[in-house]
Amino acid sequence: MGKYFGTDGVRGVANSELTPELAFKVGRFGGYVLTKDKQRPKVLIGRDTRISGHMLEGALVAGLLSIGAEVMRLGVISTPGVSYLTKAMDAEAGVMISASHNPVQDNGIKFFGGDGFKLSDEQEAEIERLMDEPEDKLPRPTGADLGLVNDYFEGVQKYLQFLKQTADEDFTGIHVALDCAHGATSSIATHLFADLDADVSTMGTSPNGLNINDGVGSTHPEALSAFVKEKNADIGLAFDGDGDRLIAVDEKGNIVDGDQIMYICAKYLKSEGRLKDDTVVSTVMSNLGFYKALEKEEIKSVQTAVGDRYVVEAMKKDGYNVGGEQSGHLIFLDYNTTGDGLLSAIMLVNTLKASGKTLSELADEMKKFPQLLVNVKVTDKYKVEENAKVKAVISEVEKEMNGDGRILVRPSGTEPLVRVMAEARTKELCDEYVTKIVDVVRTEMGAE
């Protein structure tokens with residue numbers, strides 16, 4: 001974690017923490033670090049539907065033009081759309097303006113290298129070092145060497161064509177309900193599934209700049225649950241504001257999370273001989289039931305720290321092709337370089353159609369342990385990792401569990417929160433364990 005970069009780029013309240021001035025510097029210095037060996041480097045910029053997107057885009061573009069870049073504005077597009085197009089169009093870098101699932105007042109900036117992958121910790125550290133130098137010593141081209149900016153709104157269609165090619169077959173006879181969170185997938189998801197011959201019902205597809213993630217999308221799947229039952233759909237697919245997450249809903253209205261989707265898809269891909277080394281990469285937040293279900297299918301697992309970037313790093317390092325998070329960041333590395341909600345949706349519907357089963361039948365093969373996650377708002381989230389009393393209560397609870405459950409306490413990567421999570425055999429035990437730890441965290445960490 002750096003001064004500006006969190007686990008998923010630079011984030012903050014737009015025009016307060018993430019100001020146009022900061023966005024200009026991020027564009028100028030970030031663009032330089034990623035493109036310094038190139039004359040007239042090509043950089044793609046996309047954004048979600050937040051009202052602050054235009055403001056930050058203008059500042060970012062100015063920063064990139066000041067180092068002589070050729071900027072191509074993609075308009076409203078998902079984060080994985082930017083990632084895919086950056087690589088497909090041989091650009092030197094891609095930039096996405098979004099705060100993902102966060103509320104509308106927040107926004108963020110994340111970079112992709114020319115290979116379509118997110119930046120390494122070392123690259124982010126170099127950008128931060130240059131931003132904090134007392135004097136800006138970067139080149140300042142003038143005249144014909146200044147950067148250029150063009151619109152490339154056709155990029156969304158190029159990404160749509162790519163997605164359609166990942167479907168194993170058409171989706172005739174499947175009724176899909178979509179919730180696009182009034183976000184970046186609003187203009188593309190309906191076309192995608194209609195073009196694949198699914199019957200489509202939609203909600204959350206009317207962005208107005210202020211309603212992104214507001215009671216809809218992957219962080220509010222209960223809205224889609226009701227919609228699926230109302231429309232008698234076979235499956236519900238909920239995306240977040242920037243389209244890099246997927247949470248599903250079965251035909252009965254039950255929520256199917258990222259762990260379950262990973263398990264369902266991994267089992268199918270293994271049966272097809274397409275799961276590399278019969279291994280799935282997940283984070284420490286994945287449910288114990290997920291690992292037990294994988295073991296039953298003789299699928300191995302690798303665990304990483306929380307954050308899809310760490311999942312991707314592990315996948316790249318050892319050549320695995322399926323990974324993700326319980327939160328719905330799912331990575332299918334044979335097709336794209338980052339979490340992709342629309343791609344994940346296609347993989348899941350592929351599996352659903354090939355199986356001949358309902359989604360509830362597929363999801364029920366994985367028995368989840370009861371899990372409770374409580375977020376505690378604190379003044380300094382990082383102190384939790386060294387606090388002696390917090391450590392002591394965690395140790396006490398783990399002894400009580402006696403190996404039949406687990407505890408996870410960690411600072412959020414993107415918000416001023418400490419996350420306290422417990423898994424146990426019963427919901428009552430989860431409540432008891434989490435309450436005991438949260439009480440100590442609140443007392444010790446200066447909870448707001």
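Using N, Cα and C of the backbone, Cβ positions are placed for all residues, glycine too.
Going through Ser83, Ser100, Ser395 against Swiss-Prot, the one listed in the Mg(2+) site together with Asp240, Asp242, Asp244 turns out to be Ser100. A 10 Å cutoff on Cβ-Cβ distances gives Asp242 (Mg(2+) binding site) a total of 35 other Cβ atoms nearby, all chains included.
For Asp240 (Mg(2+) binding site), applying a Cβ distance below 8 Å and a minimum sequence separation of six or more within one chain yields Ser100, His101, Ala181, Gly183, Asn213, Gly217, Ser218, Thr219, Gly328, Gly341.
Ranked by Cβ neighbours within 10 A across all protein chains shown, the recorded positions Ser100, Asp244 are led by Asp244. Following the DSSP three-state reduction, the secondary structure of Asp242 (Mg(2+) binding site) is coil. Apart from the site residues Ser100, Asp240, Asp242, Asp244, the chain places the Cβ of Asp48, Ser78, Thr79, Ser98, His101, Gly183, Ala184, Phe239, Gly241, Gly243, Arg245, Gly339, Gly341 no farther than 8 Å from the centroid of the site's Cβ atoms, the recorded Mg(2+) location.
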